[in-house]
Amino acid sequence: MGLEKPQSKLEGGMHPQLIPSVIAVVFILLLSVCFIASCLVTHHNFSRCKRGTGVHKLEHHAKLKCIKEKSELKSAEGSTWNCCPIDWRAFQSNCYFPLTDNKTWAESERNCSGMGAHLMTISTEAEQNFIIQFLDRRLSYFLGLRDENAKGQWRWVDQTPFNPRRVFWHKNEPDNSQGENCVVLVYNQDKWAWNDVPCNFEASRICKIPGTTLN
């Protein structure tokens, strides 16, 4: 009596034992395609990202908020986005964060540094006019300016060159009374301007960090 041969192939000609291997190969190919696509997108985004000038570490911040800045170029390629950490204020490629708890100057700088920033430098009247919109007139805010050696040589903490012609002191300031070698931005005499104060004086502060620019 003749015996039937066991069926060795499925309809269509594929051996049953090959099916798991084929599925595994297809799955690996799909993963490879997804990985390559992810790498291309990451590379594209990274190549578009241009950091602003100065020392900063936006990687300290999990989320960014981007604001489109005006550009003289009308084309889409000429548009620029300035990105800052959430809750920071954006102005001309920089980011600002006022904090109202009181610390000494050194403590304030350490706090800003922990966020990848420095105490605020002020280079123009426009920059000062921008930040005062977000300040409390009842408070004083440390800036990143001090006379570290008490010799009348003012320096910005982030090494920004100090321009003695671009200063915004209150009248009769700085007076260097009682070793006042640090600077606060304070509202007095109906305007915001600078006063020198002792560095162990406790005040609020403004942190500043260069933003990330996307073209």
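Cβ atoms are placed via backbone N, Cα and C, with glycine included.
Here Swiss-Prot flags Glu173, Asp175, Asn195, Asp196 as Ca(2+) binding site. Annotation comment: Swiss-Prot describes Cys84-Cys95, Cys112-Cys207, Cys182-Cys199 as disulfide bond. Under the heading domain 'C-type lectin', Swiss-Prot lists 91-208, citing sequence analysis as support. Here Swiss-Prot flags Asn45, Asn102, Asn111 as N-linked glycosylation site, drawing on sequence analysis. Under the heading topological domain 'Cytoplasmic', Swiss-Prot lists 1-17, citing sequence analysis as support. Sequence annotations record features per position, and here Swiss-Prot assigns topological domain 'Extracellular' to 39-215. Feature annotation from Swiss-Prot assigns transmembrane segment to 18-38.
Here the features listed in Swiss-Prot are placed on the structure.
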| residue | record | CB count, 10 Å |
| --- | --- | --- |
| Cys84 | disulfide bond | 24 |
| Cys95 | disulfide bond | 26 |
| Asn102 | N-linked glycosylation site | 15 |
| Asn111 | N-linked glycosylation site | 17 |
| Glu173 | Ca(2+) binding site | 19 |
| Asp175 | Ca(2+) binding site | 11 |
| Cys182 | disulfide bond | 26 |
| Asn195 | Ca(2+) binding site | 19 |
| Cys199 | disulfide bond | 19 |
| Cys207 | disulfide bond | 24 |
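Shown in sequence order, Trp169, His170, Asn172, Pro174, Asn176, Ser177, Glu180, Val183, Trp194, Val197 are the same-chain residues outside Glu173, Asp175, Asn195, Asp196 whose Cβ sits within 8 Å of the Cβ centre of the Ca(2+) site. Using Asn111 (N-linked glycosylation site) as the reference Cα, a 10 A cut-off selects none from the recorded positions Cys84, Cys182, Asn195, Asp196. For Asn195 (Ca(2+) binding site), the nearest neighbour among the listed disulfide-bonded residues (Cys95, Cys112, Cys182), judged by C-alpha distance, is Cys182. Counting residues of the domain 'C-type lectin' (91-208) by DSSP class, helix then strand then coil, yields 19 helix, 43 strand, 56 coil.
The disulfide-bonded residues shown are Cys84, Cys95, Cys112, Cys182, Cys207; of these, the one with its CA atom nearest the CA of Asp196 (Ca(2+) binding site) is Cys182. When the recorded positions Cys84, Cys95, Asn102, Cys182, Cys199 are ranked by how far their Cα is from the Cα of Cys207 (disulfide bond), Cys95 comes first.
Every protein chain shown contributes to the tally, and the Cβ of Cys112 (disulfide bond) ends up with 24 other Cβ atoms within 10 Å.
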